[in-house]
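Student: Supplied in structure tokens, the structure appears directly below.
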Amino acid sequence: MIRTVLGDLDPAQLGTTNTHEHLFQVSPLLPGDELDDEQRSGEEARMLRDSGFAAMIDATPYGLGRDPEALARISAATGLRIVATTGRHREAHYAAEHPTRQWSVEQLTELFVHDITRGMPVADAAVESASEQQAVAVHDGSPVRAGILKGGIDYWHISGFERTTLLALAAAHRRTGAAIMVHLEFCTGAHEVLDLLAAEGVPSNRVLLAHADRDPDAGLHTSLAERGAFLGYDGFARPRTRSDAELLDLTAEVVSRGAGDRVVLGGDVARRTRYIAYGGMPGLAFLGTRYLPRLRALVGDGAVDRMLVANPARLLTLSH
Ligand SMILES: [Zn+2]
């Protein structure tokens, strides 16, 4: 089963999936780029759906402005299937006084497992202590639950905070079977993260390396794919750092080396100044309307459909 904000789903029903966007996100690292308006985020979700997507992962983990009840309302209104995230982002996203800085592996594990099995808190900001009883988000009488775990590390660095998160994610994975998305800076530390998680009982084929394309090295990617890891390509429309032309070439090369069954796609647009509904550009529809036609012309429909449908369904299926 795949766990969406509106309930569990047969993986065959998931459909075309964008594996990395944010409908809600508030981080001290991104001042002025808050995604916190349900109506506007809902409009943007509708544009994503109309660009050809049936499903998305909302990749915002604990403490960064999640709004599970709003996600459920947007999903119900648009028909877009949404998988919500639990976990903790890389350390830089959390203020110096953030309460979870003091939490142990065990406390974090309980939070993550609770989000997946029983339901997410209505508002993360209200959570002061892992032992406190929290109001669970509800839609139409059912709890709104997360369906994927997430952590993150820094550029060639795993801080104590981030290592604690990874250990808790592994423990939560062992209990729930949910996949683990890991935010990487320029794809650094990818093998090291897979090693750390494998030592904790997480097979690499349950791990999605988000932003792998920030180091467009087909050899590196093939070596990660050979271990079974999923490669998140989600850096389109950022010509200041890397042209889409380079990402198209990378994808063609990785597919030709036989690793196309490990690639998943997302936009990770993530900032209100990049959302059309908030008055910015290019919006969540960019991937479907501008990039995918070029990718299809280059590698063919079969390869692209695997990246959009079969690969995300395999990743998101709870392994027990
Ligand atoms: Zn993101």
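Placement of Cβ uses the backbone N, Cα and C atoms for every residue, glycine included.
What TrEMBL lists as Zn(2+) 1 binding site is H20, H22, K150, D268. What TrEMBL records for K150, H183, H211 is Zn(2+) 2 binding site. According to TrEMBL, the feature N6-carboxylysine maps to K150.
Each of these features: where is it, how hidden is it, and who are its neighbours?
Tutor: D268 (Zn(2+) 1 binding site) is surrounded by 24 other CB atoms, counting those within 10 A of its CB over all protein chains shown.
Within 10 Å of the C-beta of H211 (Zn(2+) 2 binding site) there are 22 other C-beta atoms, taking all protein chains into account.
Remark: K150 (Zn(2+) 1 binding site) has A59, P61, T85, T86, G87, R88, H89, L169, I180, M181, V182, H183, A210 as non-local neighbours, by Cβ distance under 8 Å and separation of at least 6 in sequence.
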Student: Around the Zn(2+) 1 site formed by H20, H22, K150, D268, list the extra residues of the same chain whose Cβ is within 8 Å of the site's Cβ centroid.
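Tutor: Checked against the 8 Å cutoff, the neighbours are E21, I57, D58, A59, T60, T85, M181, H183, A210, D234, G266, A270.
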Student: Between the binding-site residues H20, H22, H183, where is the Cβ count within 10 Å the lowest?
Tutor: H183
Student: Listed binding-site residues: K150, H183, H211. Which have a CB under 6 angstroms from an atom of ligand 1?
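Tutor: Cβ < 6 Å from ligand 1: none of the binding-site residues.
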Student: Excluding K150, H183, H211, which residues of the same chain place their Cβ within 8 Å of the centroid of the Cβ atoms of the recorded Zn(2+) 2 site?
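Tutor: In sequence order, the nearby non-listed residues are H20, A59, H89, R90, G151, G152, M181, V182, L184, A210, G232.
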Student: For H183 (Zn(2+) 2 binding site), what is the secondary structure by DSSP, using just helix, strand and coil?
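Tutor: Assignment for H183 (Zn(2+) 2 binding site) reads strand.
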Student: Whole-number answer please: how many Å between the C-alpha atoms of H22 (Zn(2+) 1 binding site) and H211 (Zn(2+) 2 binding site)?
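Tutor: H22 (Zn(2+) 1 binding site) and H211 (Zn(2+) 2 binding site) have their Cα atoms 14 Å apart.
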Student: Look up D268 (Zn(2+) 1 binding site) in the DSSP assignment and reduce it to helix, strand or coil.
Tutor: coil
